[in-house]
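Peer 1: Encoded as structure tokens, here's the structure I'll be asking about.
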């Protein structure tokens with residue numbers, strides 16, 4: 001697969017230089033002549049006199065003596081050819097314990113030379129490219145060869161983990177190194193198994209000595225940061241502020257990394273007391289103070305000035321015997337006030353309450369001294385219950401009906417009255433017939449608008465004059481006396497229940513006295529107590545407080561948070577493992593059409609190297625002006641459309657008014673109807689016979 005055959009053919013121009021045919025000694029100096037000629041042709045332009053001359057303001061693109069300063073262009077090669085070249089360059093980086101299959105692949109790639117690509121490069125650029133790639137591959141092989149130290153503890157959440165993404169080449173090299181190491185380990189295991197199988201069960205087998213664990217130094221991420229210790233910093237110097245405004249501080253020097261000193265982890269511990277500490281043995285305060293002073297270093301203790309002043313050797317210090325005195329302890333002032341009352345205080349309070357209580361004796365009932373059986377008072381005999389009938393409404397209605405019937409049953413006698421004479425003289429009870437006025441014929445009012453004739457004075461009925469009646473003359477025999485309203489003044493009384501409360505209290509006292517007189521208490525003597533045995537109530541001993549551990553909410557939240565944090569770390573590690581796993585994508589480069597450069601069509605002025613061609617531009621004002629014109633045009637069209645619609649509506653309304661006026665005029669013209677002709681009325685005699693009168697047949701059997 002090192003050599004790829006393509007089915008594409010190109011019709012490219014043949015005016016190019018074949019760099020493979022050139023010799024290194026002859027044409028090394030003139031190797032870039034073709035590029036200089038092209039640059040000189042581009043830099044020529046026609047002057048004022050018509051002659052062509054070099055462009056004075058610009059330097060030529062390339063010079064013959066500047067080969068190494070030009071950055072080499074990378075060829076567009078196939079991935080397989082590129083991989084073959086890199087495998088040739090990695091010879092030195094591959095260790096000697098690689099598998100033979102890898103060597104076979106390398107020999108096949110060496111035997112098949114890479115075909116020269118279509119695009120050409122200068123030899124100087126090609127050499128520089130090869131040297132740089134060799135150095136790059138060596139550095140990568142060294143990095144991959146060094147053992148990778150994986151931190152056992154994942155980084156904390158607050159630390160920012162800088163992920164350095166590796167290229168596909170580095171990932172491939174790492175994968176290859178891992179595979180080589182696995183093959184070497186498998187080979188060693190196979191050899192050991194082979195020796196064990198050949199030796200058999202009877203022969204002693206030499207145990208393979210396991211390699212000693214090599215100590216690996218700790219590699220802290222913080223060592224990569226450049227830090228300056230505060231002790232090593234220079235002393236503060238007074239500097240002029242204005243002169244140092246534009247000066248930037250010098251970059252810190254790269255500190256050489258030394259060996260990391262292995263130190264034990266100093267993990268933070270909470271200062272909260274646990275249950276075991278609180279339940280420890282009791283330690284007196286004096287011992288605690290003494291232990292605290294012993295723990296404190298001597299350099300933190302305050303020294304007494306008297307100790308510094310040494311006594312003179314001439315004077316002898318006389319020791320005086322001192323009497324022991326009790327120390328003035330301050331602990332009694334630190335006692336808390338006792339809120340619970342003692343038993344003596346409680347007994348004193350009960351005694352005071354007993355002394356304050358006054359016994360009120362009741363009056364002596366004289367019947368107790370008189371003697372005889374004391375019987376309870378006989379209750380008063382209540383009168384028998386008198387039955388009271390119900391006063392129902394239905395009974396009232398029945399009584400009213402009976403009374404009405406009695407009134408109706410009264411005997412009625414008929415007394416005739418004289419007949420009025422008016423009945424004989426004239427018609428009585430029939431109203432007089434009103435005489436209607438004779439109808440006066442009048443011509444119809446067709447010419448008027450509403451066809452209604454205005455009423456004339458003759459048509460108006462004569463209104464009857466209103467009769468004015470005089471008021472009766474008042475009687476002046478008695479003088480007029482106006483009625484004076486009686487003054488009713490409401491007296492305001494205070495709202496109080498004093499009188500009613502006093503009456504109730506008197507009634508209550510009276511009732512209590514009656515009850516006391518009625519119920520005489522019976523004397524019952526208590527037996528004499530036995531003083532031999534004293535029965536006291538059992539003393540209630542309270543149970544001691546049971547010590548229980550605190551169930552704090554913070555502990556529960558801490559456990560929950562630790563669980564979630566662990567779950568997040570597991571998820572992050574899983575994602576990192578998935579990201580580190582390499583998955584190759586399918587090779588689509590083989591089936592794709594290769595890149596074909598297209599020649600750009602440029603003018604002579606644009607073809608000049610380094611020339612600045614003014615690109616077309618559009619001002620924002622012009623754009624806004626065009627938009628404004630379009631907006632005004634649209635607004636004018638809308639206004640014209642509105643005016644046209646209004647004009648059409650006005651014309652339509654005028655036509656409707658004209659049609660309505662013509663219709664009204666046509667309706668107002670009178671057209672006389674012809675006289676109607678009716679059929680004559682023929683009087684015919686009736687065919688029915690005359691009514692024969694028949695006397696009624698009255699029956700008297702239903703009469704009472």
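Even glycines carry a Cβ here, placed using N, Cα and C.
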Peer 1: Given 36-63, 64-91, 92-119, 120-147, which one carries Swiss-Prot's region 'Disordered' label?
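Peer 2: That would be 92-119, the stretch labelled region 'Disordered' in Swiss-Prot.
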Peer 1: By Cβ count within 10 Å, point out the most packed of the modified residues listed: 296, 326, 443, 695.
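Peer 2: Per the Cβ count within 10 Å, the most buried is 296.
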Peer 1: Cα-Cα separation of residue 326 (phosphothreonine) and residue 434 (SUMO2 cross-link), in Å?
Peer 2: 148
Peer 1: Report the nearest neighbour of residue 598 (SUMO2 cross-link) in space among the recorded positions 296, 443, 695, 697, comparing Cα positions.
Peer 2: 296
Peer 1: Of all the recorded positions given, namely 296, 695, 697, which is spatially nearest to residue 434 (SUMO2 cross-link) at the Cα level?
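Peer 2: Among 296, 695, 697, 695.
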Peer 1: How many other Cβ atoms sit within 10 Å of the Cβ of residue 434 (SUMO2 cross-link)?
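Peer 2: For residue 434 (SUMO2 cross-link), the count of other Cβ atoms within 10 Å is 5.
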Peer 1: Nearest of the recorded positions to residue 443 (phosphoserine) by CA-CA distance, picking from 296, 695, 697?
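Peer 2: Going through 296, 695, 697 one by one, the closest to residue 443 (phosphoserine) is 695.
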